[in-house]
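Written below as C-alpha coordinates is the structure these notes are about.
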Amino acid sequence: MAVYNYDVVVLGSGPAGEGAAMNAAKAGRKVAMVDDRRQVGGNCTHLGTIPSKALRHSVRQIMQFNTNPMFRAIGEPRWFSFPDVLKSAEKVISKQVASRTGYYARNRVDVFFGTGSFADEQTVEVVCPNGVVEKLNAKHIIIATGSRPYRPADIDFHHPRVYDSDTILSLSHTPRKLIVYGAGVIGCEYASIFSGLGVLVELVDNRGQLLSFLDSEISQALSYHFSNNNITVRHNEEYERVEGLDNGVILHLKSGKKIKADALLWCNGRTGNTDKLGLENIGIKVNSRGQIEVDEAYRTTVPNIYGAGDVIGWPSLASAAHDQGRSAAGSIVDNGSWRFVNDVPTGIYTIPEISSIGKNEQELTQAKVPYEVGKAFFKGMARAQIAGEPQGMLKILFHRETLEILGVHCFGYQASEIVHIGQAIMNQPGEHNNLKYFVNTTFNYPTMAEAYRVAAYDGLNRLF
(Lines of atoms letter the chains of each structure in order from A and count residues from 1; the text may use other names and numbers.)
(Lines give C-alpha, C1' and ligand atoms only; values in the text may rest on other atoms or scores of the structure.)
Protein backbone atom coordinates (compact mmCIF):
# COMPACT_ATOMS: atom_id res chain seq x y z
CA MET A 1 0.00 0.00 0.00
CA ALA A 2 1.48 3.31 -1.14
CA VAL A 3 1.29 6.19 1.37
CA TYR A 4 1.20 9.89 0.40
CA ASN A 5 1.16 13.02 2.57
CA TYR A 6 -0.79 16.18 1.72
CA ASP A 7 -1.90 19.42 3.27
CA VAL A 8 -5.39 19.11 1.78
CA VAL A 9 -7.25 16.16 0.27
CA VAL A 10 -10.45 16.89 -1.65
CA LEU A 11 -13.04 14.17 -2.22
CA GLY A 12 -14.94 14.83 -5.45
CA SER A 13 -13.97 16.74 -8.60
CA GLY A 14 -17.25 18.53 -9.31
CA PRO A 15 -17.64 22.33 -8.99
CA ALA A 16 -17.20 22.30 -5.18
CA GLY A 17 -14.15 20.05 -5.30
CA GLU A 18 -12.60 22.05 -8.10
CA GLY A 19 -13.11 25.35 -6.28
CA ALA A 20 -11.59 23.89 -3.11
CA ALA A 21 -8.59 22.29 -4.81
CA MET A 22 -7.74 25.37 -6.89
CA ASN A 23 -7.91 27.77 -3.95
CA ALA A 24 -5.80 25.54 -1.70
CA ALA A 25 -3.23 24.91 -4.45
CA LYS A 26 -2.92 28.60 -5.31
CA ALA A 27 -2.28 29.27 -1.61
CA GLY A 28 0.77 27.03 -1.82
CA ARG A 29 -0.69 23.93 -0.22
CA LYS A 30 0.08 20.40 -1.41
CA VAL A 31 -3.28 19.12 -2.68
CA ALA A 32 -4.73 15.79 -3.80
CA MET A 33 -8.05 15.22 -5.54
CA VAL A 34 -9.97 11.92 -5.35
CA ASP A 35 -12.82 10.99 -7.70
CA ASP A 36 -14.56 7.66 -8.26
CA ARG A 37 -14.99 8.34 -11.98
CA ARG A 38 -12.00 7.90 -14.28
CA GLN A 39 -12.39 11.46 -15.51
CA VAL A 40 -12.61 14.73 -13.59
CA GLY A 41 -15.68 16.95 -13.60
CA GLY A 42 -18.08 15.15 -11.29
CA ASN A 43 -21.76 14.59 -11.95
CA CYS A 44 -22.10 18.24 -13.00
CA THR A 45 -19.96 17.63 -16.09
CA HIS A 46 -20.95 14.06 -16.89
CA LEU A 47 -24.60 13.69 -15.89
CA GLY A 48 -26.05 17.01 -14.77
CA THR A 49 -25.49 20.65 -15.64
CA ILE A 50 -23.31 20.33 -18.74
CA PRO A 51 -25.15 17.59 -20.69
CA SER A 52 -28.62 18.91 -19.81
CA LYS A 53 -27.77 22.48 -20.83
CA ALA A 54 -26.06 21.34 -24.03
CA LEU A 55 -29.15 19.26 -24.74
CA ARG A 56 -31.36 22.27 -24.07
CA HIS A 57 -29.33 24.41 -26.47
CA SER A 58 -29.76 21.88 -29.27
CA VAL A 59 -33.50 21.65 -28.61
CA ARG A 60 -33.81 25.45 -28.75
CA GLN A 61 -32.09 25.45 -32.15
CA ILE A 62 -34.58 22.86 -33.41
CA MET A 63 -37.47 24.91 -32.04
CA GLN A 64 -36.19 28.06 -33.75
CA PHE A 65 -35.90 26.25 -37.08
CA ASN A 66 -39.38 24.79 -36.77
CA THR A 67 -41.12 28.02 -35.72
CA ASN A 68 -39.29 30.69 -37.74
CA PRO A 69 -41.14 31.39 -41.04
CA MET A 70 -37.85 32.35 -42.70
CA PHE A 71 -36.72 28.71 -42.69
CA ARG A 72 -39.80 27.47 -44.55
CA ALA A 73 -38.12 28.51 -47.80
CA ILE A 74 -35.57 25.70 -47.31
CA GLY A 75 -37.81 23.02 -45.87
CA GLU A 76 -40.67 21.97 -43.66
CA PRO A 77 -40.39 21.59 -39.87
CA ARG A 78 -38.21 18.66 -38.90
CA TRP A 79 -38.06 16.54 -35.78
CA PHE A 80 -34.98 14.93 -34.33
CA SER A 81 -34.74 11.88 -32.12
CA PHE A 82 -33.61 12.28 -28.52
CA PRO A 83 -30.42 10.21 -29.04
CA ASP A 84 -29.43 12.33 -32.06
CA VAL A 85 -29.88 15.56 -30.12
CA LEU A 86 -27.93 14.12 -27.20
CA LYS A 87 -24.83 13.62 -29.37
CA SER A 88 -24.08 17.34 -29.24
CA ALA A 89 -23.87 17.16 -25.44
CA GLU A 90 -21.25 14.43 -25.58
CA LYS A 91 -18.86 16.72 -27.47
CA VAL A 92 -19.17 19.41 -24.81
CA ILE A 93 -18.50 16.90 -22.02
CA SER A 94 -15.18 15.81 -23.55
CA LYS A 95 -14.10 19.43 -23.98
CA GLN A 96 -14.97 20.23 -20.37
CA VAL A 97 -13.03 17.20 -19.12
CA ALA A 98 -9.98 18.25 -21.13
CA SER A 99 -10.13 21.81 -19.75
CA ARG A 100 -10.48 20.68 -16.15
CA THR A 101 -7.77 18.07 -16.44
CA GLY A 102 -5.50 20.90 -17.54
CA TYR A 103 -6.45 23.00 -14.50
CA TYR A 104 -5.27 20.31 -12.10
CA ALA A 105 -2.07 19.64 -14.03
CA ARG A 106 -1.10 23.32 -14.19
CA ASN A 107 -1.73 23.80 -10.48
CA ARG A 108 0.14 20.60 -9.53
CA VAL A 109 -2.87 18.93 -7.94
CA ASP A 110 -2.42 15.15 -7.76
CA VAL A 111 -5.52 13.34 -9.01
CA PHE A 112 -6.43 9.85 -7.78
CA PHE A 113 -9.18 7.91 -9.54
CA GLY A 114 -10.93 5.43 -7.28
CA THR A 115 -13.33 5.10 -4.35
CA GLY A 116 -12.16 7.16 -1.39
CA SER A 117 -13.21 6.50 2.20
CA PHE A 118 -12.10 7.59 5.67
CA ALA A 119 -9.82 5.26 7.63
CA ASP A 120 -9.59 7.91 10.34
CA GLU A 121 -9.88 11.68 10.71
CA GLN A 122 -6.67 12.36 8.79
CA THR A 123 -6.48 9.40 6.44
CA VAL A 124 -8.32 8.59 3.22
CA GLU A 125 -7.93 5.20 1.59
CA VAL A 126 -8.46 5.08 -2.17
CA VAL A 127 -9.40 1.81 -3.85
CA CYS A 128 -8.24 2.23 -7.45
CA PRO A 129 -10.01 0.57 -10.43
CA ASN A 130 -7.24 -2.06 -10.59
CA GLY A 131 -7.82 -2.99 -6.95
CA VAL A 132 -4.71 -1.28 -5.59
CA VAL A 133 -5.26 0.62 -2.32
CA GLU A 134 -3.47 3.93 -1.76
CA LYS A 135 -3.38 5.79 1.55
CA LEU A 136 -3.56 9.60 1.63
CA ASN A 137 -2.66 11.34 4.88
CA ALA A 138 -3.86 14.93 5.16
CA LYS A 139 -4.01 17.77 7.66
CA HIS A 140 -7.38 18.82 6.24
CA ILE A 141 -9.97 16.98 4.16
CA ILE A 142 -12.83 18.52 2.17
CA ILE A 143 -15.87 16.40 1.30
CA ALA A 144 -17.32 17.52 -2.04
CA THR A 145 -18.79 14.28 -3.35
CA GLY A 146 -22.00 15.82 -4.68
CA SER A 147 -25.38 14.14 -4.93
CA ARG A 148 -27.42 11.72 -6.99
CA PRO A 149 -31.16 11.38 -7.71
CA TYR A 150 -33.24 10.19 -4.76
CA ARG A 151 -34.67 6.74 -5.50
CA PRO A 152 -37.60 5.48 -3.39
CA ALA A 153 -37.23 1.78 -2.60
CA ASP A 154 -40.71 0.93 -3.93
CA ILE A 155 -39.96 2.05 -7.50
CA ASP A 156 -38.20 -0.31 -9.90
CA PHE A 157 -35.57 1.88 -11.54
CA HIS A 158 -34.24 -1.15 -13.40
CA HIS A 159 -37.40 -1.21 -15.51
CA PRO A 160 -36.58 -0.06 -19.08
CA ARG A 161 -39.37 2.54 -19.01
CA VAL A 162 -38.42 4.17 -15.69
CA TYR A 163 -35.64 6.77 -15.54
CA ASP A 164 -34.13 9.33 -13.20
CA SER A 165 -32.23 12.50 -14.14
CA ASP A 166 -28.98 10.52 -14.46
CA THR A 167 -30.22 7.58 -16.49
CA ILE A 168 -32.42 9.68 -18.79
CA LEU A 169 -29.25 10.49 -20.72
CA SER A 170 -29.18 6.84 -21.83
CA LEU A 171 -32.69 7.02 -23.33
CA SER A 172 -32.45 5.30 -26.72
CA HIS A 173 -35.72 6.48 -28.26
CA THR A 174 -38.03 9.49 -28.33
CA PRO A 175 -41.21 8.86 -26.33
CA ARG A 176 -44.50 10.18 -27.64
CA LYS A 177 -45.65 10.90 -24.09
CA LEU A 178 -43.55 11.31 -20.95
CA ILE A 179 -44.47 11.56 -17.27
CA VAL A 180 -42.14 13.79 -15.25
CA TYR A 181 -42.67 13.21 -11.54
CA GLY A 182 -41.38 16.14 -9.51
CA ALA A 183 -41.74 19.75 -10.61
CA GLY A 184 -38.61 21.15 -9.04
CA VAL A 185 -35.85 22.78 -11.06
CA ILE A 186 -34.66 19.58 -12.74
CA GLY A 187 -38.19 18.38 -13.47
CA CYS A 188 -39.21 21.69 -15.05
CA GLU A 189 -36.04 21.84 -17.12
CA TYR A 190 -36.52 18.36 -18.56
CA ALA A 191 -40.22 19.01 -19.13
CA SER A 192 -39.19 21.98 -21.30
CA ILE A 193 -36.58 19.96 -23.18
CA PHE A 194 -38.91 17.09 -24.08
CA SER A 195 -41.75 19.46 -24.92
CA GLY A 196 -39.39 21.19 -27.35
CA LEU A 197 -38.88 17.84 -29.07
CA GLY A 198 -42.62 17.51 -29.60
CA VAL A 199 -43.21 15.11 -26.71
CA LEU A 200 -46.46 15.35 -24.74
CA VAL A 201 -45.43 15.89 -21.11
CA GLU A 202 -47.37 15.21 -17.91
CA LEU A 203 -45.62 17.16 -15.13
CA VAL A 204 -46.72 15.93 -11.70
CA ASP A 205 -46.17 18.39 -8.85
CA ASN A 206 -46.75 17.53 -5.18
CA ARG A 207 -47.16 21.23 -4.40
CA GLY A 208 -49.73 23.83 -5.35
CA GLN A 209 -47.44 26.08 -7.40
CA LEU A 210 -44.50 25.55 -9.72
CA LEU A 211 -41.17 26.50 -8.16
CA SER A 212 -42.83 28.21 -5.20
CA PHE A 213 -39.54 29.79 -4.08
CA LEU A 214 -39.71 32.10 -7.11
CA ASP A 215 -41.54 35.40 -7.32
CA SER A 216 -45.17 34.39 -7.84
CA GLU A 217 -45.51 36.39 -11.07
CA ILE A 218 -42.53 34.56 -12.58
CA SER A 219 -43.91 31.20 -11.44
CA GLN A 220 -47.27 32.00 -13.00
CA ALA A 221 -45.60 33.03 -16.25
CA LEU A 222 -43.83 29.67 -16.40
CA SER A 223 -47.10 27.82 -15.73
CA TYR A 224 -48.84 29.73 -18.51
CA HIS A 225 -45.99 29.02 -20.92
CA PHE A 226 -46.04 25.33 -20.05
CA SER A 227 -49.78 25.09 -20.69
CA ASN A 228 -49.25 26.50 -24.19
CA ASN A 229 -46.48 24.02 -25.01
CA ASN A 230 -47.83 20.50 -24.59
CA ILE A 231 -47.05 20.33 -20.86
CA THR A 232 -49.93 19.37 -18.57
CA VAL A 233 -49.16 20.32 -14.97
CA ARG A 234 -50.93 18.35 -12.23
CA HIS A 235 -50.60 20.10 -8.86
CA ASN A 236 -51.02 18.66 -5.35
CA GLU A 237 -50.55 15.07 -6.47
CA GLU A 238 -48.47 12.30 -4.88
CA TYR A 239 -47.60 8.93 -6.29
CA GLU A 240 -48.98 5.73 -4.82
CA ARG A 241 -47.10 3.32 -7.05
CA VAL A 242 -45.44 3.03 -10.44
CA GLU A 243 -46.53 0.18 -12.69
CA GLY A 244 -44.08 -0.77 -15.42
CA LEU A 245 -45.46 -2.31 -18.60
CA ASP A 246 -43.86 -3.80 -21.70
CA ASN A 247 -45.02 -0.84 -23.77
CA GLY A 248 -45.07 1.93 -21.21
CA VAL A 249 -45.64 2.88 -17.60
CA ILE A 250 -48.66 3.76 -15.46
CA LEU A 251 -48.36 6.23 -12.59
CA HIS A 252 -50.97 5.59 -9.89
CA LEU A 253 -51.67 8.69 -7.78
CA LYS A 254 -53.02 8.84 -4.24
CA SER A 255 -55.93 10.94 -5.53
CA GLY A 256 -57.13 7.91 -7.48
CA LYS A 257 -55.98 9.20 -10.86
CA LYS A 258 -53.89 7.13 -13.24
CA ILE A 259 -51.57 8.43 -15.96
CA LYS A 260 -50.13 6.27 -18.72
CA ALA A 261 -47.14 7.21 -20.85
CA ASP A 262 -44.28 5.70 -22.82
CA ALA A 263 -41.80 6.45 -20.03
CA LEU A 264 -41.48 8.03 -16.58
CA LEU A 265 -38.75 10.43 -15.50
CA TRP A 266 -38.33 10.64 -11.72
CA CYS A 267 -37.13 14.08 -10.59
CA ASN A 268 -38.22 14.21 -6.97
CA GLY A 269 -35.24 15.17 -4.83
CA ARG A 270 -31.59 14.24 -4.50
CA THR A 271 -29.41 12.32 -2.03
CA GLY A 272 -25.90 13.20 -0.88
CA ASN A 273 -23.13 10.84 -2.01
CA THR A 274 -21.98 9.88 1.48
CA ASP A 275 -22.84 6.20 1.82
CA LYS A 276 -19.41 4.94 0.69
CA LEU A 277 -17.26 7.48 2.55
CA GLY A 278 -16.88 5.52 5.79
CA LEU A 279 -18.20 8.45 7.82
CA GLU A 280 -18.99 6.05 10.65
CA ASN A 281 -15.22 5.74 11.16
CA ILE A 282 -14.90 9.42 12.05
CA GLY A 283 -18.22 10.12 13.78
CA ILE A 284 -19.84 12.36 11.15
CA LYS A 285 -23.59 11.83 10.84
CA VAL A 286 -25.82 12.58 7.86
CA ASN A 287 -29.52 13.48 7.61
CA SER A 288 -32.26 11.43 5.94
CA ARG A 289 -31.08 12.60 2.50
CA GLY A 290 -27.44 11.69 3.11
CA GLN A 291 -26.36 15.31 3.57
CA ILE A 292 -23.65 16.59 5.93
CA GLU A 293 -24.17 19.45 8.37
CA VAL A 294 -21.55 22.21 8.35
CA ASP A 295 -21.10 25.57 10.07
CA GLU A 296 -20.58 28.94 8.38
CA ALA A 297 -16.91 28.10 7.81
CA TYR A 298 -18.02 24.87 6.05
CA ARG A 299 -16.50 22.85 8.90
CA THR A 300 -18.17 19.59 9.94
CA THR A 301 -18.38 18.28 13.50
CA VAL A 302 -14.81 17.03 13.02
CA PRO A 303 -12.62 20.20 13.12
CA ASN A 304 -10.23 19.33 10.27
CA ILE A 305 -12.91 18.03 7.90
CA TYR A 306 -15.04 20.34 5.74
CA GLY A 307 -17.98 19.95 3.37
CA ALA A 308 -19.15 21.88 0.29
CA GLY A 309 -21.55 21.58 -2.62
CA ASP A 310 -24.59 19.36 -3.02
CA VAL A 311 -23.39 17.04 -0.25
CA ILE A 312 -24.28 19.74 2.32
CA GLY A 313 -27.68 20.51 0.77
CA TRP A 314 -29.01 23.99 -0.05
CA PRO A 315 -28.81 25.63 -2.54
CA SER A 316 -27.58 22.70 -4.67
CA LEU A 317 -26.42 24.89 -7.54
CA ALA A 318 -23.19 24.34 -9.47
CA SER A 319 -22.38 28.05 -9.21
CA ALA A 320 -22.84 28.10 -5.44
CA ALA A 321 -20.98 24.79 -5.04
CA HIS A 322 -17.84 26.22 -6.63
CA ASP A 323 -17.91 29.21 -4.28
CA GLN A 324 -18.61 26.98 -1.28
CA GLY A 325 -15.62 24.79 -2.14
CA ARG A 326 -13.42 27.84 -2.61
CA SER A 327 -14.62 29.22 0.73
CA ALA A 328 -14.05 25.92 2.54
CA ALA A 329 -10.46 25.96 1.32
CA GLY A 330 -10.29 29.63 2.28
CA SER A 331 -11.18 28.67 5.85
CA ILE A 332 -8.24 26.28 5.85
CA VAL A 333 -5.56 28.46 4.23
CA ASP A 334 -6.83 31.69 5.85
CA ASN A 335 -6.02 33.88 2.83
CA GLY A 336 -9.06 36.13 3.05
CA SER A 337 -11.03 34.18 0.43
CA TRP A 338 -13.62 32.78 2.84
CA ARG A 339 -17.21 33.95 2.69
CA PHE A 340 -20.48 32.29 3.59
CA VAL A 341 -22.28 31.74 0.29
CA ASN A 342 -25.89 32.67 0.96
CA ASP A 343 -27.10 35.17 -1.66
CA VAL A 344 -26.55 33.58 -5.04
CA PRO A 345 -28.50 34.07 -8.26
CA THR A 346 -30.92 31.34 -9.20
CA GLY A 347 -30.60 30.09 -12.77
CA ILE A 348 -33.32 27.78 -14.09
CA TYR A 349 -32.81 26.58 -17.64
CA THR A 350 -36.37 26.01 -18.70
CA ILE A 351 -37.42 27.25 -22.14
CA PRO A 352 -37.58 30.25 -21.72
CA GLU A 353 -35.10 30.44 -18.86
CA ILE A 354 -35.54 32.03 -15.44
CA SER A 355 -33.14 33.81 -13.13
CA SER A 356 -33.47 35.82 -9.95
CA ILE A 357 -31.57 37.27 -7.04
CA GLY A 358 -32.65 38.93 -3.83
CA LYS A 359 -36.13 39.15 -2.35
CA ASN A 360 -39.40 38.42 -4.12
CA GLU A 361 -42.71 40.23 -3.70
CA GLN A 362 -44.11 37.69 -1.24
CA GLU A 363 -41.11 38.06 1.07
CA LEU A 364 -41.11 41.87 0.96
CA THR A 365 -44.85 42.05 1.60
CA GLN A 366 -44.57 39.69 4.56
CA ALA A 367 -41.68 41.75 5.97
CA LYS A 368 -43.73 44.95 5.47
CA VAL A 369 -41.02 46.60 3.39
CA PRO A 370 -42.29 49.63 1.41
CA TYR A 371 -41.21 48.52 -2.04
CA GLU A 372 -42.16 49.38 -5.60
CA VAL A 373 -41.91 47.46 -8.88
CA GLY A 374 -40.40 48.32 -12.25
CA LYS A 375 -40.99 46.10 -15.28
CA ALA A 376 -39.71 45.77 -18.82
CA PHE A 377 -41.55 43.40 -21.15
CA PHE A 378 -39.37 41.77 -23.77
CA LYS A 379 -42.01 42.08 -26.49
CA GLY A 380 -41.16 45.78 -26.62
CA MET A 381 -37.36 45.37 -26.61
CA ALA A 382 -35.61 45.75 -29.96
CA ARG A 383 -33.07 42.99 -29.29
CA ALA A 384 -35.80 40.53 -28.31
CA GLN A 385 -37.73 41.40 -31.46
CA ILE A 386 -34.63 40.84 -33.60
CA ALA A 387 -33.96 37.49 -31.92
CA GLY A 388 -37.58 36.43 -32.26
CA GLU A 389 -37.84 35.99 -28.48
CA PRO A 390 -40.77 38.18 -27.40
CA GLN A 391 -41.79 36.16 -24.33
CA GLY A 392 -40.66 37.34 -20.95
CA MET A 393 -39.92 40.26 -18.73
CA LEU A 394 -37.44 41.84 -16.34
CA LYS A 395 -38.77 42.84 -12.94
CA ILE A 396 -36.93 45.05 -10.45
CA LEU A 397 -38.08 45.38 -6.83
CA PHE A 398 -36.75 48.46 -5.03
CA HIS A 399 -37.31 50.42 -1.82
CA ARG A 400 -39.66 53.26 -2.68
CA GLU A 401 -37.91 55.71 -0.31
CA THR A 402 -34.19 54.93 -0.69
CA LEU A 403 -34.40 53.40 -4.21
CA GLU A 404 -32.24 50.50 -2.98
CA ILE A 405 -32.61 47.48 -5.27
CA LEU A 406 -34.06 44.60 -3.26
CA GLY A 407 -34.60 41.94 -5.90
CA VAL A 408 -34.25 41.23 -9.61
CA HIS A 409 -36.40 38.63 -11.37
CA CYS A 410 -36.23 37.70 -15.02
CA PHE A 411 -38.15 35.31 -17.26
CA GLY A 412 -37.23 34.90 -20.90
CA TYR A 413 -34.40 35.12 -23.41
CA GLN A 414 -30.92 35.33 -21.79
CA ALA A 415 -32.41 35.62 -18.28
CA SER A 416 -29.45 33.86 -16.67
CA GLU A 417 -27.09 36.43 -18.22
CA ILE A 418 -29.26 39.49 -17.62
CA VAL A 419 -29.57 38.92 -13.87
CA HIS A 420 -25.87 39.51 -13.24
CA ILE A 421 -26.14 43.21 -14.04
CA GLY A 422 -28.64 43.62 -11.23
CA GLN A 423 -26.52 41.42 -8.98
CA ALA A 424 -23.49 43.66 -9.50
CA ILE A 425 -25.40 46.81 -8.51
CA MET A 426 -27.11 45.13 -5.54
CA ASN A 427 -23.67 44.22 -4.18
CA GLN A 428 -22.49 47.85 -4.18
CA PRO A 429 -22.16 49.37 -0.70
CA GLY A 430 -24.59 51.88 0.73
CA GLU A 431 -26.15 54.47 -1.55
CA HIS A 432 -24.37 53.07 -4.62
CA ASN A 433 -27.03 50.36 -4.72
CA ASN A 434 -29.60 52.62 -6.33
CA LEU A 435 -32.21 52.27 -9.06
CA LYS A 436 -31.06 55.51 -10.68
CA TYR A 437 -27.84 53.78 -11.76
CA PHE A 438 -29.81 52.20 -14.61
CA VAL A 439 -31.25 55.55 -15.68
CA ASN A 440 -27.87 57.30 -15.67
CA THR A 441 -25.93 54.51 -17.44
CA THR A 442 -25.48 54.25 -21.21
CA PHE A 443 -26.35 50.76 -22.45
CA ASN A 444 -25.35 49.39 -25.82
CA TYR A 445 -28.26 49.35 -28.26
CA PRO A 446 -29.95 47.10 -29.07
CA THR A 447 -29.27 44.77 -26.13
CA MET A 448 -31.26 42.80 -23.62
CA ALA A 449 -29.35 44.67 -20.90
CA GLU A 450 -31.18 47.91 -21.65
CA ALA A 451 -34.28 46.29 -20.17
CA TYR A 452 -32.86 47.56 -16.88
CA ARG A 453 -33.29 51.16 -18.02
CA VAL A 454 -36.85 50.52 -19.20
CA ALA A 455 -37.73 48.78 -15.93
CA ALA A 456 -36.10 51.56 -13.89
CA TYR A 457 -38.14 54.27 -15.65
CA ASP A 458 -41.27 52.18 -15.18
CA GLY A 459 -40.57 51.91 -11.47
CA LEU A 460 -39.77 55.59 -11.00
CA ASN A 461 -42.99 56.52 -12.80
CA ARG A 462 -44.92 54.65 -10.10
CA LEU A 463 -43.58 56.84 -7.30
CA PHE A 464 -45.55 59.79 -5.96
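Using N, Cα and C of the backbone, Cβ positions are placed for all residues, glycine too.
According to Swiss-Prot, the feature FAD binding site maps to Asp35, Asp36, Arg37, Arg38, Gln39, Val40, Gly41, Gly42, Asn43, Cys44.
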List of residues, in chain order, with Cβ under 8 A from that of Asp35 (FAD binding site) and at least 6 apart:
Gly12, Ser13, Gly17, Gly42, Val111, Phe112, Phe113
With DSSP assignments reduced to helix, strand and coil, which class does Asp35 (FAD binding site) get?
strand
Only counting partners 6 or more residues apart, tell me which same-chain residues put their Cβ under 8 Å from the Cβ of Gln39 (FAD binding site).
His46, Val97, Thr101
